[in-house]
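S.K.: What TrEMBL records for this protein is below:
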type     : residues                          : note
ACT_SITE : 91                                : active site, proton acceptor
ACT_SITE : 291                               : active site, nucleophile
BINDING  : 91, 92, 93, 94, 95, 145, 214, 241 : substrate binding site
BINDING  : 329, 331, 334, 360                : Zn(2+) binding site
DOMAIN   : 14-377                            : domain 'tRNA-guanine(15) transglycosylase-like'
REGION   : 272-278                           : region 'RNA binding'
REGION   : 296-300                           : region 'RNA binding'
Ligand SMILES: [Zn+2]
């Protein structure tokens with residue numbers, strides 16, 4: 001059985017649902033923190049649990065290069081390797097192959113690229129991307145796609161979409177044939193093994209593969225992409241190829257134009273967005289899942305998201321500010337530390353600065369979505 005998606009209530013286009021995966025019941029709409037190399041940068045897993053993060057992302061491209069998916073398989077899968085008992089979503093590796101590799105070579109078969117770490121040559125096909133994601137043991141894997149760059153003319157977006165659709169079919173065929181080769185059932189012992197205990201109630205649920213809608217910024221291509229993917233019958237659908245440099249209004253437009261072509265009874269995921277007000281807006285339009293490096297990356301640069309707007313903690317005016325980072329926030333950082341102290345840590349380039357800033361930003365994002373969920377239920 002694939003994931004279980006139960007819609008509890010709708011308000012306008014927004015939906016409040018519970019998505020049950022092999023490793024967690026995820027309340028949606030949800031924001032998913034990004035854990036690129038099996039780590040949400042600067043935040044240990046027990047703090048993510050304390051923040052009530054139920055699902056985080058891993059990046060297939062990075063984990064394939066280092067430490068390698070076969071090593072992670074031998075360690076019992078990514079959940080056990082990183083001691084993360086809750087749900088994991090992995091991307092297909094496509095986005096990084098395209099964004100980090102100027103020298104890539106795309107053929108019908110797949111993509112040849114060079115490692116950004118040591119320049120070594122590698123090849124990703126839809127089948128290989130599925131093998132890597134199955135070895136990692138993701139709750140949700142993503143179809144291998146070509147992320148169309150922006151701007152792209154119509155012909156280019158058309159060709160790219162056709163490739164992505166053929167790759168989606170190959171991804172699905174391979175994933176369905178091999179998805180039950182689950183690493184956590186093939187290994188015993190080792191630290192982190194307790195991470196499986198919490199999953200006991202979800203036994204019987206299989207890993208899931210989502211299709212990704214592409215088509216550049218063209219309405220008819222987006223529609224065709226969505227319709228063809230829906231024919232293939234995935235348990236969930238993502239809208240990809242956004243946040244690639246297009247103006248914000250266009251992002252919103254493409255999402256609004258694509259959502260009606262995705263089935264209402266399955267989760268819809270917009271990849272790589274956004275600012276706090278954007279994720280609220282997209283949730284109100286009927287998006288169920290979102291992810292973005294913004295809260296974690298901005299935190300490491302001293303940018304805090306608060307109920308009073310964005311705050312640059314490096315600013316001199318905070319040098320003797322005894323107030324919490326965000327007076328409205330009840331996270332473990334805001335309950336305990338002052339703006340003056342966070343500014344000092346940042347100025348002194350202390351590693352703790354990244355930890356505290358990131359914990360607050362993630363708390364703010366997760367709390368924002370909790371409020372959206374409460375709003376759908378309660379008005
Ligand atoms: Zn806080």
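Cβ coordinates come from backbone N, Cα and C, glycine included.
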S.K.: List nothing but the largest Cα to Cα distance in Å, as a whole number, among the residues 91, 92, 93, 94, 95, 145, 214, 241 that the record says bind substrate.
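M.R.: Max Cα-Cα spread across the substrate binders: 15 Å.
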S.K.: Summarise the region 'RNA binding' (272-278) as counts of helix, strand and coil residues per DSSP.
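M.R.: Helix (H, G, I), strand (E, B), coil: 3 helix, 0 strand, 4 coil.
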S.K.: Please report the distance from the Cα of residue 93 (substrate binding site) to the Cα of the residue listed as 'active site, nucleophile', rounded to the nearest angstrom.
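M.R.: One finds 15 Å between the Cα atoms of these residues.
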S.K.: What's the CA-CA gap between residue 334 (Zn(2+) binding site) and residue 291 (active site, nucleophile) in angstrom, rounded?
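M.R.: It is 23 Å, counting Cα to Cα.
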S.K.: What average pLDDT does the predicted model assign to the region 'RNA binding' (272-278)?
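M.R.: Mean pLDDT across the region 'RNA binding' (272-278) comes out at 97.
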S.K.: Centre the Cβ atoms of 91, 92, 93, 94, 95, 145, 214, 241, go out 8 Å, and tell me which other residues of that chain have a Cβ in range of the substrate site.
M.R.: 98, 142, 143, 144, 146, 147, 212, 240, 271
S.K.: Between residue 94 (substrate binding site) and residue 360 (Zn(2+) binding site), how many Å separate their Cα atoms?
M.R.: 30
S.K.: Residue 241 (substrate binding site) has how many other Cβ neighbours within 10 Å of its own Cβ?
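M.R.: Its Cβ shell of radius 10 Å holds 30 other Cβ atoms.
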S.K.: Could you list the residues of the same chain, at least six apart in sequence, whose Cβ is under 8 A from the Cβ of residue 145 (substrate binding site)?
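M.R.: The answer is 92, 94, 164, 167, 168, 212, 214, 240.
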S.K.: Can you figure out which of 91, 241, 360 (the recorded positions) comes closest in space to residue 291 (active site, nucleophile), comparing Cα atoms?
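M.R.: Among 91, 241, 360, 91.
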S.K.: Under a threshold of 6 Å between Cβ and any atom of ligand 1, which of the recorded positions 95, 145, 214, 291 are retained?
M.R.: none
S.K.: Long-range neighbours only, meaning 6 or more apart in sequence with Cβ under 8 Å: which ones does residue 95 (substrate binding site) have?
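M.R.: Result: 61, 147, 240, 271, 272.
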S.K.: Which residue counts does DSSP give the region 'RNA binding' (296-300) for helix, strand and coil?
M.R.: 5 helix, 0 strand, 0 coil
S.K.: Could you round the CA separation between the residue listed as 'active site, proton acceptor' and residue 241 (substrate binding site) to a whole angstrom and send it over?
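M.R.: Each residue's Cα considered, the residue listed as 'active site, proton acceptor' and residue 241 (substrate binding site) end up 13 Å apart.
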